[in-house]
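Trainee: This is the structure I want to talk about, given as structure tokens.
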Amino acid sequence: MLDFLVFAVTMIAIWSVVALSLDLQFGLCGLVNFGQILPFALGAYGPAISAAHGGSISAGLALGLAMAAVGGVLVLAPVGRLSQDYWALVSLGASEIFRLLMVNVTPIAGGQDGTAVARVSNPLAALGLALGLLLAMLLLARRIDRSPLGRLMRVLREDDLLVATLGRNPFRVQALVTVVAWLMAALAGALYAHVVGFVAPSSFSVAETFIVWTALILGGAGSLLGAVVGTAFVQFISVSTRFLAAWSGLPFDLVANLRLGIFGVVLVLVFLLRREGLVPERKVRVDAVGP
Amino acid sequence: MLSVRDVTVAFAGVRALDAVSLEARPGRILGLIGPNGSGKSTLLNVVAGAIAPDSGSVSIEAVPIPAGRPEEVAARGVARTFQIPRLARRLTVIQNMMVGRRDQPGENLLTLLFRPGASRRSERALVVDARAMLARLGLIHLADHAAGGLSGGQQKLLSMGMALMSDPPVLLLDEPAAGVNPVLVEQQIVFLKSLAAEGRTVLLIEHNMEMIADVCDDVVVLDAGTVIARGSPVDIRRNAQVMRSYLGETA
């Protein structure tokens, strides 16, 4: 039971970082990324590619981060300035292209069968790393959230022409947010790879993106704490149903599909009953100073 | 000096502006009037860099503006408002005001991470400035309200305030008085005169002839994309052709 809890909290911490990354993009800045699993996958494939070709752990980490930063700009660039609506489709497509590339080009990192990477064998060490990463990323996100940059991102969320009219380049803000957010998700992906000890394309399907979305919508888009709370709920269900399947003897496929069904119901309920999420976005206040 | 030279803009073959030229001087308010569809807002968009003209140019102090790049034109000191106010409706009034200021250290990620003190200092000064401007606009009591909850007239005042937060030498206003109650219009008139007195160049689109007559030093009349008259407000009132185009053929 304790093992299960340690594993569950580790996974919650890792996926919370991915949800925070999506929160920076969508919750604060209005960038609809339907391919959020891509930066996570790029971060995980850094170590995988490194391991498959005899590279070191740090080389793998560096590769993952570099791929995520470059990938973010590459995916954002063709959409062009002032047309973020198309980004949902472009990012969704990009994540699938990458996954299919990994499935079909075996020499990169083992194809469909995946690649083994060095595993953090002590579960408590893995837990510590995951919580440490989450804490660091929460502090970073909070610094941005409460800053003039966060305020500008919230204006961009509502009206990109207004941002341009006020003398800032909307595309530059979007590119900055994308690179920072994708690096965050890539760090989570790299840690995930070393915690699980194995990287295969099946872990990075479109469904994973929408599980992150479910967590963010449930927790409250625009709220950093909400991203973590939502992820805790969703990942706890996700992890425990896996154990439930093993324990109850129900077919694994059935339980997996039921799990997605539950997330769908959760989304519908949130939209009907509590649109702002469990932890609504803080109404940003400016302390009255001076006259 | 703001000067517009032979600006032509065509939308799908229709000439919205046809070789329009005008000059606006610091410390003066230039009124831009004309019937709906005469090209006033298009001209404002060209000056603000939101629309690149098919031919002609806009320059400030004899330096051409980067056409079609609104953020760079804004950085040259040209601020504008829109006919339908553009605001961040979910943010508070004071936050909208604060975002009006360009070049904030706290909008740079590296400054934010490694020199957070610089951002905090600039924020403290910015709040004071934003509150002073809100007081000048008569909106200070609404500072912590969501901008989207303001009345139409208050939103127009707020967007004017946002435009002024970077202390722009050139100000472009698109129908600030339309749909605004008479008390607020009076307030705007006083405010506009004070802006000109500070030495700013103001370009004002307005249908309210009373306001035009009261605040404008010069008036340019557009009709179907061409300038049909220019002069002082008094001259324009006397001009029969203008009154016809404004009030319709039967007048």
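Glycine residues also receive a Cβ, built from the backbone N, Cα and C atoms like all the rest.
Whatever TrEMBL says is automated annotation, not expert-curated.
TrEMBL lists these features:
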type     : residues  : note
TRANSMEM : A:31-49   : transmembrane segment
TRANSMEM : A:61-80   : transmembrane segment
TRANSMEM : A:86-103  : transmembrane segment
TRANSMEM : A:124-144 : transmembrane segment
TRANSMEM : A:175-198 : transmembrane segment
TRANSMEM : A:210-234 : transmembrane segment
TRANSMEM : A:254-273 : transmembrane segment
Trainee: I'd like to know if the transmembrane segment (A:210-234) touches the transmembrane segment (A:61-80) in this structure, counting it as a touch only when three or more C-beta pairs sit under 8 Å and are separated by 6 or more positions.
Mentor: no
Trainee: When each of A:31-49, A:210-234, A:254-273 is checked against the transmembrane segment (A:175-198) for Cβ pairs under 8 Å, which one has the most?
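Mentor: Selected stretch: A:31-49, with the most Cβ pairs under 8 Å.
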Trainee: With CB pairs under 8 Å as the measure, which of the listed stretches A:31-49, A:124-144, A:210-234 comes out on top against the transmembrane segment (A:86-103)?
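Mentor: So the stretch in question is A:31-49.
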